[in-house]
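Taken verbatim from TrEMBL:
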| type | residues | note |
| --- | --- | --- |
| REGION | 246-266 | region 'Disordered' |
| REPEAT | 52-93 | repeat 'WD' |
| REPEAT | 94-135 | repeat 'WD' |
| REPEAT | 139-179 | repeat 'WD' |
| REPEAT | 180-221 | repeat 'WD' |
Amino acid sequence: MARCCSQAQRMAACMAGRPGVGSCCGGWVATQMVLCPVSRQLSTFPDPGLVPAGHQRSVETVSFSPDSRQLASGGWDKRVMLWDVQSGQMLRLLVGHRDSIQSSDFSPTVNCLATGSWDSTVRIWDLRTGTPAVSHQALEGHSGNISCLCYSASGLLASGSWDKTIHIWKPTTSSLLIQLKGHVTWVKSIAFSPDELWLASAGYSRMVKVWDCNTGKCLETLKQGVLDVAHTCAFTPDGKILVSGAADQTRRQISRTSKSPRDPQT
């Protein structure tokens, strides 16, 4: 087993971490994942260099469950694998996508896993069933590869695509709530504000957009100080600061003055 993540793995990595547990690196040149603890206090972590093996082609996405007990991975073999973090054993194999899987995210309740593929669909896997044959539903509507996914705290799901749009779904009814249009390049990263009033998105360009989740209106396009492609974006837990990740390490602070009228979706 490998004991750490190499420089090449880190450069080509998709990072998915949960506080107090660790990070997992999956790269386009690797068919394995490396679980690396990030705290010296992780005395219960089984192996600081645990390498779950099973994918036949490169791993493109990894996601920890909210309780940090499970890890989902997907990639070019069109398969999703669900792992036990402590043992490194594969729990379930999820098959259904017709092309490479590029994004994934667990629902807040850990009952479902969303995956996005180059087959232009989002699939919601029901993890509550006790049988190996996990049921799933397909969310269709994008005309391009699915590049990013993000669940909100109440269970709404946002998907970004190469078709330059973002869809916000209510997975429990498979309904599309709103479509966000305005990016000039494919959407690379999306993030809900904690109150779900806003959604931030980073396109494969030098801009980050902030959207009103209720009206679909673009509230602001952040360009100032962004000197390179914005690869990722995230809100702080209080929703007062939006951080975009790029080569120039840009951070932009935003103010919040209103509350979301949207009722929680379960």
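Heads up, the Cβ atoms here are built off N, Cα and C, so glycines get one too.
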Going along the chain, which residues at least six beyond the ends of the repeat 'WD' (94-135) come within the CB cut-off of under 8 Å?
60-67, 70, 72-76, 78-82, 142-155, 157, 159, 161, 169, 171
Restricting to the repeat 'WD' (180-221), report the mean pLDDT as a whole number.
91
Helix, strand and coil counts within the repeat 'WD' (52-93) (DSSP):
0 helix, 23 strand, 19 coil
